[in-house]
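Novice: Before anything else, here's the structure in question.
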């Protein structure tokens, strides 16, 4: 889609609080790592307790857990990959279509196997479906958290040590990455840099997309899930109000620390001091953000067992991966066919985002009911036939 006069967008990037926005906006997506990990933890702990109550104590095997996750992700991942590899060229037009096809479809035909193996977050040079890094990182984090949970089931007395080690690793990932690389960890600050944000950007390739730099979000979700299983039976008791009050205090404390470390990270990125301080501030900013949102989700689950519209939220959760995987191709198709020159503005970006979201959501409903759900049921019936 051709744009003219992007000075308004450039002006937004010069605002004093633009770095604050760049540090906080990623929360809108990264918190889903926390929710995914928390749901996994609650489910596995509940399944383990249920089997013990039936008199047949058993631990869920890591292989079975991973296979169930693959059944959830593979059908739609393959469908989206096949579309962008084989049929993309029949749906795009306009002045930017040739460049788009050369870059994206050619990359899919060369590196499709990285998407199939959920390793696309390590291919930002010639990415197939650049946004698929999130699904790959999510699957890798899923394996890490599932492994930690199975280990805690096997050696329950070592659970505190396992959690402590995971928290330390969550800090070391972003800390060492920022320390050993010479780029601003906050992200690009010009439209020219953002053009290549998903294509071989050092920020994306080394800091944003590797799973170990997002481990804090999943570890926070795991801890929240374990605490939820421990305290959810306290509803109506005096100790329940004590737990909620403690959570409120913890949330206030971590939110204060989050604001402090955001400010320190911004100041450190603008100064010429050594990277050790910048790396420490950035890593602590990520840890406190994960701690705050994990506590927030735990607080909500402990107090809100059901609410008006919960059925809509649950159905929306089923569509999450579907909406995410198809939204970027839909964005490309919708706006590559636009031939009129438009004025670049923030209002245009908001309108484009809303339009893509609603189209993606409607198409996701159709794909979920017609393709994803039947494929998942078929795979489960084949793989777990013995059960």
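Just so it is clear, glycine is given a Cβ too, placed from its N, Cα and C backbone atoms.
Per TrEMBL, transmembrane segment is recorded for 23-46, 66-88, 133-153, 160-180, 211-231, 243-264, 276-298, 319-336, 348-371. TrEMBL lists 23-367 with the feature domain 'Acyltransferase 3'.
Just tell me what is around each of these and how deep it sits.
Specialist: Across the domain 'Acyltransferase 3' (23-367), mean pLDDT in this model comes to 84.
Here the transmembrane segment (66-88) has long-range neighbours at 101, 104-105, 108-109, 112, 115-116, 118, 128-129, 132, 135, 139, 142-143, 146, 321-322, 325-326, 329, 367, 371-372, 375-376, 379-380, 383, meaning same-chain residues at least 6 beyond its ends whose C-beta is under 8 angstroms from one of its own.
Counting residues 6+ beyond its ends, the transmembrane segment (133-153) has Cβ neighbours under 8 Å at 29, 32-33, 36-37, 40-41, 44-45, 48, 59-62, 65-66, 69, 73, 77, 115, 118-122, 124, 127, 159, 162-163, 166, 204, 209-211, 214-215, 217-219, 221-222, 321, 324-325 in the same chain.
Here the transmembrane segment (160-180) has Cβ contacts under 8 Å with residues 148, 151-152, 206-207, 210, 212-213, 215-216, 219, 222-223, 275-276, 278-280, 282-284, 286-287, 290 of the same chain, all six or more residues outside its ends.
Listed by sequence, the residues of this chain that lie at least six past the ends of the transmembrane segment (211-231) yet keep a Cβ under 8 A from its Cβ atoms are 30-31, 33-42, 45-46, 121, 136-137, 140-142, 144-145, 148-149, 159, 163, 166-167, 169-171, 173-174, 177, 240, 243, 286-287, 289-291, 293-295, 297-298, 301-302.
Distant neighbours of the transmembrane segment (243-264): 20, 23-24, 231, 234, 281, 284-285, 288-289, 291-292, 295-296, 298-299, 302-303; these residues of the same chain sit at least 6 beyond its ends, with a Cβ under 8 Å from one of its Cβ atoms.
Residues 9, 75-76, 79, 318-319, 322-323, 326-327, 330-331, 334-335, 342 of the same chain sit 6 or more residues outside the transmembrane segment (348-371) yet have a Cβ under 8 Å from a Cβ within it.
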Novice: So what's near the transmembrane segment (276-298) in sequence-distant terms, Cβ-Cβ under 8 Å and 6+ beyond its ends?
Specialist: 23, 27, 31, 34-35, 38, 167, 170-179, 185, 213, 216-217, 219-221, 223-224, 227-228, 247, 250-251, 254-255, 257-258, 261-262, 264-265, 268-269
Novice: The transmembrane segment (23-46): which same-chain residues, six or more beyond its ends, come within Cβ distance under 8 Å?
Specialist: 60, 65, 134, 137-138, 141-142, 145-146, 149, 153, 186, 208, 214, 217-222, 224-226, 228-229, 262, 265-266, 285, 289-290, 293-294, 297-298, 320
